[in-house]
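Below: the structure, in structure tokens.
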């Protein structure tokens, strides 16, 4: 019945609306309904394609036309666009430095290289024997076991109204979850630890910020969860002590404003990070500067003017010593700074990584004194090796390509040509398969308990994309958000990922054996309350088969 009706309607459509041979931008769209998304993106991109790229009078570079970003014909651009559209959903790995890739994979294998043939029974047996003092389940086997149970199903922590969430991160060794939103509030959640749902995050604190322009852009909280700072569209950082007497009495936090210089213009501080000793905060801003703040004195103690040639979108400390600082900006470059050289007046970076074709949105350190990653508007994640900085040829090539970009990632679809490598790219590997649009989407390394095997990132398509660095493929796509996922954070002690997005939802993703249709032959009474509820923690009651059949929509056909 359904097939006959569909066929009849299709024939009626062909009869009533006779096909016409149409071409849009060189694409034959007759009877090709799968190209609707492509055509829409092409139409949005068409005005930029027709602009004269050589008419920019402010281009003062010494490069000739032969050294510019490759120019393509309309047909070549269309083929490139279609290929990149497919790559965005399939994922692809590009190896840049084979030696560094081999070293990285060897390191991952040493951390979590227990083969898939090793049974869970054998691992548990080794653990029990180890409890008796003969052998032990080492960190490598533990990581291999953890990686078998990746997060695959979400639970909704909170669903706000008419606001966008920009930041989420675990604090206090994973005991708390901190979320900052556009409604000028910072919310704190912790485990309920009581029936009926033991693992559910519930809100226990809410802070109203005193100064906010458009949105809270970033939040940083120290290891002890007793100091909190945030930034917004002001050239200042706002710091509060979480253990103040006023806060403990239920009142709002006392915010201390730390000015970073120019307060008259519209300036944004995009990124904040505490040092491992919790004594300093590093921040990057739209003034192209990097600032270092003394937390105790509440003053900036060091500022690097013109650290980048455009907005500084992300900063972080490299390791526990906090001597090295990484920064990434809209100039497409990732820079490494050594604080020890600042004491001698040397304010230049000790190294630069180049290879992106557009601005960097986020950087993260693997905290092993060797590898870091950068997420960028060219729809790629690149992994870098501190032993292999970029040459001047690569730096100039990146600058040239970034200067030629004439699209705005906040409003436009990604243009063709972003997959072409930059001459002099020194990255270890390049990962594609996610979308970086609308906002500064973040990507990070998985924690040490997974062997740092994965890279996970938010996505403009409302997904969390998890890459396997051993294979370079997309390990999983966690779908559930209805808008861009801006920030993600992996629990330091559990296989759980927190996410927040512009759909006002904050979620945690956990492993559920039922999502993979792998169920143990246990008695139903042995399942906890968390296993008998939906993603909103609403209790699931089993209905009779006759009732399900009567309520089925197929019965009405």
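We number each residue from 1, going along the chain as drawn.
A Cβ is built for glycine as well, from the same backbone N, Cα and C atoms used for every other residue.
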Which range of 7-27, 28-48, 49-69 is region 'Disordered', per TrEMBL: 49-69
Residue distribution over DSSP helix, strand and coil in the repeat 'WD' (478-519): 4 helix, 20 strand, 18 coil
Per-residue pLDDT averaged over the repeat 'WD' (478-519), given as an integer: 90
Residue numbers, six or more beyond the limits of the repeat 'WD' (353-387), whose CB comes under 8 Å of its CB atoms: 69, 84, 88, 96-97, 100, 103-104, 107, 310-311, 313-320, 326-336, 394-395, 397-398, 401-402, 405, 409, 414, 417-418, 420-422, 424-432, 434-436, 440-445, 452, 455, 457, 467, 469
DSSP-derived helix, strand and coil totals, residue by residue, for the repeat 'WD' (353-387): 0 helix, 19 strand, 16 coil
